[in-house]
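Colleague: What TrEMBL shows for this protein is this:
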TRANSMEM  12-36  transmembrane segment
TRANSMEM  62-80  transmembrane segment
TRANSMEM  92-111  transmembrane segment
TRANSMEM  117-137  transmembrane segment
TRANSMEM  146-168  transmembrane segment
TRANSMEM  195-213  transmembrane segment
TRANSMEM  243-265  transmembrane segment
Amino acid sequence: MSLSFAKPTTRTIIRTLIPIGTALLAFVVTGFLLLAGGFDPLEAYGLILQGSVGGVREVGETLVRTTSLLLTGLAVGFAFRCKVWNIGAEGQLYFGAIGAVVIALTVAGQIPVFGVIIAIIFAMIFGAGWAAIAGVLKSRLGVNEIIVTVMLNFIAILFVDFLVHGALKAPGFEPQTALIPFTSQLPILIEGTRLHAGFLVAIAAAVLIYLILFKTKTGFSLRATGVNPKASGYAGINVKRSILLTLLISGAVAGIAGACLVQGVNDR
């Protein structure tokens, strides 16, 4: 297996520049709207910059919020790249959070060294398991994954609400779980901020997803299945397995996002 990086093509460069151009256009349009409302666009953008990168604490807070967005974006992007429309990353995040909390409050919290890792692994399993429902229905019965994953989002949210009002509710009036043990919490990277090690996990996940998609035979099979399932089947690729595997990986990544929220931000 070769890990050599090919020279970017013109198409790749254009695809990279499109979101940048879109963001710049959004700034321009927003600036005109601010002017129309009687506000100074430069002052508004200055306040945005100050609040997001104006100091160590602000940068840390920005990266904390980036972590969950990066992981859920990876989850959705991975599936989309394989032409599987996983709209259920939110529900998979919730189930990942359930997995992390349950294992942290029971087993992982008693293990000083590996408690954090065990909780993240269970979050991946829970997220992948929730995505597997859509994967099985799509691969075996041909059920549209968009409808299924959207519906599963609502079920996951209501199920979490049920748990924090019932089986996982901590003593007191607030609908919340107990604090997870310190041994299962993600360590803080920069003192005085909330930036936790989940940010590094997100970066590692992004690199791993890239390698899986573009540097492995499995990734090629997943992408080929998305482009043309029939041709992939004739070529010997197990199409049903590819669809299910795509959603499993996507759900696992979304589950990590849930783990980062409960282990690094809320601690419950």
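Cβ coordinates come from backbone N, Cα and C, glycine included.
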Colleague: Does the chain bring the transmembrane segment (195-213) near the transmembrane segment (62-80), so that three or more CB pairs sit under 8 Å (pairs 6 or more apart in sequence)?
Modeller: yes
Colleague: Grab the same-chain neighbours of the transmembrane segment (117-137) for me: Cβ-Cβ under 8 Å, and only residues 6 or more beyond its ends, written as numbers and ranges.
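Modeller: Contacts of the transmembrane segment (117-137) (Cβ under 8 Å, skipping residues fewer than 6 from its ends): 86, 88, 91-93, 95-100, 102-104, 107-108, 111, 143, 145, 148-149, 152, 156, 180, 184, 201, 243-256, 258-259, 263.
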Colleague: Near the transmembrane segment (92-111), which same-chain residues lie under 8 Å Cβ to Cβ, leaving out any that are not at least 6 residues past its ends?
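Modeller: Contacts with the transmembrane segment (92-111): 68, 72, 75, 118-120, 122-131, 156-157, 159-160, 163, 168, 177-178, 180-181, 183-184, 250-251, 254-259, 261-263, 268.
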Colleague: Quick check: do the transmembrane segment (243-265) and the transmembrane segment (12-36) share at least 3 Cβ pairs under 8 Å, counting only pairs 6+ apart in sequence?
Modeller: no
